[in-house]
Amino acid sequence: MTDTTEAVRRASTRTIRVEVSRYRPGEDAEPVFQEYEVPLMADWAVLDGLNYIKDRLDGSLSFRWSCRMGVCGSCGMNVNGEPRLTCGTFLSEYGEGPVRIEPLKGFPVIRDLVVDIDDFLAKLSSVRPWLIREGEEPPLTAEYAQTPEQLEAYKQYSMCINCLLCYSACPVYVLDPDFLGPAAIALAQRYNLDSRDMGDRFDVLNLEDSVWGCTFVGECTSACPKHVDPAEAIQRYKLTAALRSVLPWSRR
Amino acid sequence: MIDVLIVGGGGAGLRAAIAVAETDPSLRVAVVSKVYPMRSHTVSAEGGAAAVIGAGDTLDEHCYDTISGGDWLCDQDAVEAFVSEAPKELIQLEHWGCPWSRESDGRVAVRPFGGMKKMRTWYAADKTGFHLLHTLFQTTLKYQDIIRYDEWYVTKLVVDDGRVHGVVAVEIRTGRVETIPARTVVLATGGCGKVFPFTTNAAIKTGDGMALAYREGAPLKDMEFVQYHPTGLPFTGILITEAARAEGGWLINKDGYRYLQDYDLGSPTPTPKLRSMELGPRDRLSQAFVHEQEKGRTVDTPYGPVVYLDLRHLGESKIDARIPFVRELCRSYQNLDPATDLIPVRPVAHYMMGGVHTDIDGATPIAGLFAAGETACVSINGANRLGSNSLPEILVFGRRAGIAAAAFARSHAGQAEASAVRAQGADERRRLERVRGGGGHGERIADLRERMQHTLEGAAGIYRAGDVLTKAVDTLADLGERAQEARVDDSSTAFNTELISLQELHAMLEIARTVVACALNRQESRGAHQRTDFTARDDETYLAHSLVHRAPDGSPSVGLLPVTITRWPPGERVYGRD
Amino acid sequence: MKTRDEVTPGGYRPRRDAFWFARSRAYTVFVLRELTSVFVAWTVVFLLLLVDAVLGGSLPEFAALAARPWMIALNVLALAATCFHAITFLNLAPRATVVRLDGYRLPAWLIQGGNHSLWLAVSAVVAFFVLRGFQ
């Protein structure tokens, strides 16, 4: 993006107070808030405010970010109590402020606003999020046919950017870290509902800590910035799993 | 001991990792990435991936489009290999589950794209890179034996006696510095857009891999060729995909006039015409913008002059079906709706055609060191890359580099000279600990970075001039020295992003100096390199790649390397004229 | 693919929040809705008591109990809670049952409308038999 020094210099003196959760292992026993005054620029996202702090006020502040266009999934944080992508949340949304920025809830904090997401990656692997086929792989001369309708059947669940806002919004996950969680189940469904997939993920989904752990609070869906609707994915699999328990020959 | 160590977890890196795992499961393969792989910048690619598939299209036509688009600076043997393997790679991705957009009969759909004479660009709506990366990442999860070093930052290649022996890397979470011994290293760290102030590139695109190779004596190639994408949103630099124009969008100036007709790009038609007007190549479109600006026909905004991209006539349903991400980005980041409003756009630094000099298998002149993707310059992109060639490039050459590295690792099974490797690792660890232990007290990293970015934009933007470039050489050398004393606030070991930012700044300064040196040396205008003091193409002298080595004093030293021509002799680039 | 084994550094693990439902309005509404199931359970118990009274011949005593003001109040409350529970449940049904006809996804309102219509129809049938019994 355009650098900001010049713009800030020209801007009015309006500022907004940003309260940032700081946690430095070895120094802090638990997170503490540190306050910064940040120029209130009309076009600035919360992430721009954080970068201003890091570049101009305090180089020791740590947070993750990358694409700044809402697709890499790095910059999820808790902004005034809600899980948000900070690149797509504008400072001006918070009027006079202050804005309180904390790490995503539900995850161990590594440093400042950086959380440990290895648990999610292990869960993602566990649902076998890849196309499962039987038999010989055909030669690379033709694609598997898939109509636009068949694509539409799973497309929505393939839009997950793994930002983990849904885990942070989910009270079940926050209370029980063993819960498989919204994104992992949505991605399992992304493959279950793909007409090209021949796999079966019943063994990992039909579990107390998997779909049956969900109490359908629905907050994952409200938090999702990409309209994946993981709550729907989970409830649909509950129905699938229930039908399979009653009718053993029914699949998916 | 790792057999194949891949630096970078984007499209090229992951494709290489799978290639190694499939070629020889007995080899130990590792992916070291400074971000979790699914965060890599491949994720931001929007428009599509080109590969010949439909009837009525031929490999030769894709070759010709690529070569003429690159202003004859492409190595034609590389282009032929690329074009012939691209379809297989995209089908492979399909077999791994990539949700390509479809025709009603179930076949993969294709769309037109800039500089392409036929419709051959596969797409997954307008999030092609996102789907491609997540498909690759999720597929790699199937290969239990691929070792992942997530959020490790490589600071140095260990090279001894002309051969690579591994890397030194920081585990960002703990600050631990470790030497990872490896028989081969594949660099797949992507581009270096962050050397410019206004770029579509993500924060992580700091040219790390290019700098790693360059410091150890591998030459970089064609670094003066920087692609400006004609349609970025002002302020954020967010990319509005070329697919918006492929689907029928128009570029208009402040008078509502489709100005491209004034720049030898054809005449306006209501529906898009291939290789014409808005579907011309990116270098020509970005250059046309500069001329419009000089004529006073652009619109001034707080973030610089803009023209408009007009999608209103496409209608809501087509926009939602074909380019929904464009609408989402405009609404979320620019507060406008392309179905009813004009989108302000301006050219934005987007892609580095140059990179680490490699052969057709990704091998660099350093034994055991390979490179693929935007990090590398094979070269298939020449002086200007065509839109939708970069995604198939990372797949084709990621795979090739992976296979070549696997073969090298198998035939060079011996142990490295352990003492030399250990010594280099220890030196590097001491250097990093010194930086972290209170480091310098000079200028802020951000100040130095901004100075570098503005210097580069002023000297090596869309148009370049010899005198400005000459000044930039000195400015950048000076910034390089000042960066050694940059101020570091953060002395902690856990997730010290400031330490990483400083290493990235060092890398970018190395890259920036090579860009300026190559641009100064090339006294002609070709593709994305336009000199105001040498306005014509000069095939006599410069039908050749720039090859830049790092001299012992740290300054770049530029030479030339002939281009490989097989079947397409240099000619005029014709767009919009049949 | 596996991540490299490593020593997990300390990190800060926030304590589990026992009052999580007070943290946001959405959570509170969710918990209140879940609590309505207590009234649903009461309705079932009350129905079983009624059946027991009919079979055991103690219907007059049961009717007297049911006519007491506090019992009426309780049952009005239970009716409201049960209706709320049922309506919200049926409204959420489209999320679990995605019906596709010829590639076209059945819109949520159609599924919800169907559910509510069916519910009303069943209620009408039940009402018909019950009320006829009293004549």
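Every residue gets a Cβ built from N, Cα and C, even glycine.
Annotated substrate-binding residues in TrEMBL are B:His229, B:Thr241, B:His350, and among B:Arg284, B:Arg312, B:Arg385 the one listed with them is B:Arg385.
Of the chain residues outside the substrate site list B:His229, B:Thr241, B:His350, B:Arg385, B:Thr200, B:Gln227, B:Leu239, B:Glu242, B:Arg282, B:Tyr351, B:Gly387 have their Cβ within 8 Å of the site's Cβ mean position. Residues B:His229, B:Thr241, B:His350, B:Arg385, recorded as contacting substrate, have a largest CA-CA distance of 15 Å.
Among the binding-site residues B:Gly8, B:Val35, B:Arg39, B:Val43, B:Gly47, not one has its Cα within 10 Å of the Cα of B:Arg385 (substrate binding site).
Closest to B:Arg282 (active site, proton acceptor) by Cα-Cα distance, out of the binding-site residues B:Gly8, B:Ala12, B:Gly47, B:His229, B:His350, is B:His229. Each of the binding-site residues B:Ala12, B:Val35, B:Val43 was assessed for Cβ neighbours inside 10 Å, and the highest tally belongs to B:Ala12.
Around the Cβ of B:Thr241 (substrate binding site), the number of neighbouring Cβ atoms within 10 Å comes to 27. B:Val43 (FAD binding site) sits 13 Å from B:Thr241 (substrate binding site), counting Cα to Cα. Chain A lies within reach of none of the recorded positions B:Gly8, B:Gly47, B:Arg282, B:His350, B:Ser390 when a CB-CB distance under 8 A is required.
Candidate binding-site residues: B:Gly8, B:Ala12, B:Gly47. Nearest to B:His229 (substrate binding site) by Cα distance: B:Gly47. If you take the C-beta of B:Ser390 (FAD binding site) and look for same-chain residues 6 or more apart in sequence within under 8 angstroms, you find B:Ala45, B:Tyr351, B:Glu374, B:Asn381. Neighbour list (B:His350 (substrate binding site), Cβ cut-off 8 Å, at least 6 residues apart, same chain): B:Gly193, B:Thr199, B:Thr200, B:Asn201, B:Gln227, B:Tyr228, B:His229, B:Gly232, B:Leu239, B:Arg282.
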